[in-house]
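S.K.: Structure incoming, see below.
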Amino acid sequence: RESDHRAWTPVSCTVTRQNATVQGLTEGKAYFFRIAAENIIGMGPFTETTKEIVIRDPITVPDRPEDLEVKAVTKNSVTLTWNPPKYNGGSDITMYVLESRLIGKEKFHRVTKEKMLDRKYTVEGLKEGDTYEYRVSACNIVGQGKPSFCTKPITCKDEIAPPSLDLDFRDKLTVRVGEAFSLTGRYSGKPAPKVTWLKDNIVVKEDDRTKIKTTPTTLCLGILKSVREDSGKYCVTVENSTGSRKGFCQVNVVDRPSPPVGPVIFDEVHKDHMVVSWKPPLDDGGSEITNYIIEKKDAHRDVWMPVTSATVKTTCKIPKLLEGREYQVRIYAENLYGISDPLISDEMKAKDRFRVPDAPEQPIIKDVTKDSAVVVWNKPYDGGKPITNYIIEKKETMATRWVRVTKDPIFPSTQFKVPDLLEGCQYEFRVSAENEIGVGDPSPPSKPIFARDPIAKPSPPVNPEAVDKTKNSVDLSWQPPRHDGNGKIIGYLVEYQKVGDEEWKKANLTADSCPETKYKVTGLTEGLTYKFRVKAVNAAGESEPAYVPDPVEVKDRLEPPELILDANMAREQHVKAGDTLRLSAVIKGVPFPKVSWKKEGHEVSPKADIEVTGVGSKLEIRNTVHEDGGIYSLTVENPAGSKTVSVKVVVLDKPGPPRNLQISEVRSDSCYLTWMEPEDDGGSVITNYVVERKDVASAQWVTMSSSSKKRSHMAKYLMEGIQYLFRVAAENQFGRGPYVETLKPIKAIDPLHPPGPPKNLHHVDVDKTEVSLVWNRPDRDGGAEITGYLVEYQEDGADEWTKFQTVPMLDCVVTGL
């Protein structure tokens, strides 16, 4: 019978052998067979085949395996998979034979000697860069079948693919407190990327509420029972050796607000209304406060009455109060997600509480002069209404009547300069404050003051010096102090001290014994060294001392050299080229010092005329040139010492030639000139450069630019194929310097050059291991389309730059820092 039928069909009933051939079967169909023995008594029981038999030709080798595929390639291995043959030849597959052929060789070689039944195999130990093709055959009990079709040639190298990221969430996500939320997505990349979750730039760690699940292709961050603190900027980074991708989501976990911040302040209290204010909640629940709900209640009743529920201000007028009753106020904050707990005020009685301002404290008087004084006071309590004016009164100490000092309003300043005092008179002052209720009581009177310019101690005398000496005396001289303290200088006190002692001795006992700015200190011991100091004295007392700079040895006079500089010996002397340089100074000293002039530490030029007289010296150079500039020094020396002064001389001239004239970016109609500023600017700022060109065949130079301050110029409108020479000169206020000329002609033809530098390179984002950079296209593409930008980085302090990668666009994320 056929396996899918129930009816049995007889085949033969006359078979006497123990075998029979069944004819008329259909190929591919499955059949069951049964046999019974028969004798003269009858037919015995049937014996049945245990399993169906499919009608096929006899067993052959298997067909070729199918779908041979390369699943993975590295620099030293290849992983292959395949499917079994459609027909196994009528017998089970006993093994597979995998063969490989190195491209360039003729023969296939068996990959493994082991018996292989798995339909996946990784060929290892290959050489990086070699290229192979593979085929696989199936074996059954009969033998080895045909090999599969060959793979494409496979080169051994690591597979790399930059990370990709496909997110299921948007830039912003709003979640109610207590709800769960998850951030999911898919990613890929070779080698397998590392997945990192950050919240506000801090790595997210798993805990009871936070779950992170990452598979080879999917990623998920889930948070259960969210709280307000879960709000923040979440970032997922997918990174491998080829780069990284980021996804961001601003999660806002929202809730009803926290209560308004107290205490409730009663800004105004009246018999029939109050004005209260408060501060907004510390936490608005992640959503803007839409309004405040304000209610009032009589302190002795339990019913709260609504005042308003439609204000976003943090102040409110509470109306319709009964005078004398005590009230409480409570305030709720509301946002889209609910109403906060209330803020409840203290009790406050409804009654008017305004009066005139209190009396200010006793005012202080400062900056007194002969006709004015400044009165200063502190702001008193304003009586509940803002102060609008202060009233200042004055009286002479012996008088009884107070007089207002001005009718003009004085507010908001709490000090006032009172004018028109009488010199020498003694005054007192008092202050009253005024608000809309009225004028308050006056302050206590100030302490009495006399109207006169103040006298302070004078400043020290100026430039005390020892001007002469003998073997037992020293003559001192000084100038009056810069400030006399508004009091007449009575005189000066002179003191001296032997070097090594601590005590200063007075040369004169009283200031009026030395009214002049000089004094002879006598009674000194020959050969000893003394220090001297001078104080100025007025009615207020003694000034700080002014010291003679150096100790003085008491002996007959030996006067060190002294230089009194003329105006032409200022720190810097400018002279125009071709003019005459004159330097001169008056010289003093006993004996008359030896005079020497130097330039930069060397002898001055032979063209300089030097003249020395008994009172001074003069140096003169006619027809100066730029090289005559430099630092000139004048040294005078005698046995008492030496003195040197220096002056920087700048000879102003035309600038030198520009340096390093370079021609670049030569094209058929233009080229680009660059140069460096002259080594010598002639002592004056370079104002502009003159750029000229000429055809080699022409004798005439043509000016291309004469006013540019830049050290570059784009030479346009050239004729293709013509050879040109170029030259550049610098100009300052003293004229045009010499030209620098190109060494060889430049032919106007289109070349190819490297592009100019990218512009405005800056970072737009920084992470702990990466920097996001952007830049603008360069001004010049070198005559060809820009194909990419090479990004390099350098650690601060290092010498070498490290290549990162070449990118086609105007941005790059540098990773792995």
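Just so you know, glycine gets a Cβ as well, placed from its N, Cα and C.
Please treat TrEMBL annotations as automatic predictions, because they have not gone through curation.
A quick note: this is a predicted structure, and the numbers were derived from the prediction, not measured.
According to TrEMBL:
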DOMAIN    1-58  domain 'Fibronectin type-III'
DOMAIN    64-159  domain 'Fibronectin type-III'
DOMAIN    163-252  domain 'Ig-like'
DOMAIN    259-353  domain 'Fibronectin type-III'
DOMAIN    359-454  domain 'Fibronectin type-III'
DOMAIN    460-557  domain 'Fibronectin type-III'
DOMAIN    561-646  domain 'Ig-like'
DOMAIN    657-751  domain 'Fibronectin type-III'
DOMAIN    757-817  domain 'Fibronectin type-III'
S.K.: Taking the domain 'Fibronectin type-III' (259-353) as the reference, which of 163-252, 460-557, 657-751, 757-817 gives the largest number of Cβ pairs under 8 angstroms?
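M.R.: Going through each listed stretch, the top one turns out to be 163-252.
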S.K.: Tell me, please, if the domain 'Fibronectin type-III' (757-817) and the domain 'Ig-like' (163-252) are in contact, taking contact as 3+ Cβ pairs under 8 Å between residues separated by 6 or more positions?
M.R.: yes
S.K.: Please list the DSSP helix, strand and coil residue counts for the domain 'Fibronectin type-III' (757-817).
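M.R.: Secondary-structure composition of the domain 'Fibronectin type-III' (757-817): 0 helix, 29 strand, 32 coil.
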S.K.: In this predicted model, what is the average pLDDT of the domain 'Fibronectin type-III' (64-159)?
M.R.: 88
S.K.: What counts of helix, strand and coil residues does DSSP assign across the domain 'Ig-like' (163-252)?
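M.R.: Output for the domain 'Ig-like' (163-252) reads 3 helix, 58 strand, 29 coil.
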S.K.: Looking only at the domain 'Fibronectin type-III' (1-58), what are its DSSP counts of helix, strand and coil residues?
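M.R.: Residue counts in helix, strand and coil order: 0 helix, 11 strand, 47 coil.
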S.K.: Could you break down the residues of the domain 'Fibronectin type-III' (259-353) into DSSP helix, strand and coil, giving a count for each?
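M.R.: Per-class counts: 0 helix, 50 strand, 45 coil.
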